[in-house]
Amino acid sequence: MLSSARSSPLIYYFLGGRSDPGLTSEWEVESPEPLPWRRRCKEQPGGGGCGSPNHADIVSCVGMFFLLGLVFEGTAEASIVFLTLQHSVAVPAAEEQATGSRSLYYYGVKDLATVFFYMLVAIIIHATIQEYVLDKINRRMQFTKAKQNKFNESGQFGVFYFFSCIWGTFILISENCLSDPTLIWRAHPHSMMTFQMKFFYISQLAYWFHAFPELYFQKTKKQDIPRQVVYIGLHLFHITGAYLLYLNHLGLLLLVLHYFVELLSHMCGLFYFSDEKYQKGISLWAIVFILGRLVTLIVSVVTVGFHLVGSQNQNPDAITGNVNVLAAKIAVLSSSCTIQAYITWNLITLWLQRWIEDSNIQVSCMKKKRSRSSKKRTENGVGVETSNRVDCPPKRKEKSS
């Protein structure tokens, strides 16, 4: 009979589904090597099953159809709608006081196609970072499954926040918003955007829209889905509001502040996962978090107040970007204040829960120490009494002579 020697599950795992060649007999026919995508699927640590590593290949194939559409004359116009920014207007040189004309942009329905294409790009980049960076670190550090999920989340958001902060700061510097802060509420023309400003908002919308299918691709737990949906929805709501109301510079400044605080939060989490001695960094993040919320509130009130009060025309016109009405003032300010209060309240409740848990742990530890000390005292006292009674033999009476 032919032997059916099989390797252990651990060896079978590390060999990517192949049995150990040294364990097979000379009569046994080796099974063919599995396809690369199957081997990569089994190597995902604590990951989201076999669908997780394959979705990037499928999405990249879909994106290639839009790129191939540029080759043919009949489909080139449709493909350009997905690949490039739409709704541009050429501004004369005299109006911009420059040597040549340039193109400014406004929003429109065609932006949805552009957001969809760059959402596919975001999914591919997400899978690339996961496979070639985070998974390798997970294998090396040997995290538990719970820590792997937190590490992957902090790693993905950390990369996004880092590049968004650098990109947003570059736009603010290039448009002189940091040297002249009044440009934030008196940018002219207020109903137009530069190329880099519009591309930044399109990229932001594409990233946060791609987070919804990632919940399925990463096999997120059901109890974590509501928290993620609220987190993603809040970002989409405020980014879309700033984009549609032409509060581009204000939204960009607030996003840079918000992303910097979130970047510090995820960096502290990454260091804490690598070594728990970095727990002091969490207290540093809490201080920066509170300062970030205060600065965000101040900038929102000052900027929205000056931007909306500056014009005498009280007629709303969404096409020209005029939102100088009382309803718009209340909506923008209340939205900004509400989200800051919501985030701060979540942090306070988290601190209270941890404080209560720590206090309960300390109380339980004190009770255990007291019970142990009392047991030792009673045992020592009983031992002394028994030694006086049993161990010591009774003294004999001396006979009187």
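Including glycine, each Cβ sits where the backbone N, Cα and C put it.
Here TrEMBL flags 392-401 as compositional bias 'Basic and acidic residues'.
Looking at the domain 'TLC' (149-358) alone, the prediction's average pLDDT is 82. The domain 'TLC' annotation in TrEMBL covers 149-358.
Taken from TrEMBL, the feature region 'Disordered' covers 369-401.
Summarising the annotation, TrEMBL assigns transmembrane segment to 115-134 (among others).
Here TrEMBL flags 155-173 (among others) as transmembrane segment.
Annotation comment: TrEMBL describes 199-217 (among others) as transmembrane segment. Counting residues 6+ beyond its ends, the transmembrane segment (199-217) has Cβ neighbours under 8 Å at 48, 51-52, 55, 85, 111, 114-123, 126-127, 160, 164, 167-168, 171, 193, 225, 228-229, 232, 235-236, 239-240, 242-243, 248, 251-252, 255 in the same chain.
Annotation source TrEMBL lists transmembrane segment at 229-246 (among others).
The feature transmembrane segment is assigned by TrEMBL to 252-273 (among others).
With a cut-off of 8 Å between Cβ atoms, the residues of this chain six or more beyond the transmembrane segment (285-310) that come close are 182, 184-186, 247, 250, 253-254, 257-258, 260-261, 264-265, 268, 323-324, 328-329, 332-333, 336-337, 340, 343-344, 347, 351. Annotation source TrEMBL lists transmembrane segment at 285-310 (among others).
As annotated by TrEMBL, transmembrane segment applies to 330-352 (among others).
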Distant-in-sequence neighbours of the transmembrane segment (155-173), which means Cβ under 8 A and at least six residues beyond its ends: 126, 129-130, 133-134, 137, 196-197, 200, 204, 207, 249, 252-253, 255-256, 259-260, 262-263, 266-267, 270
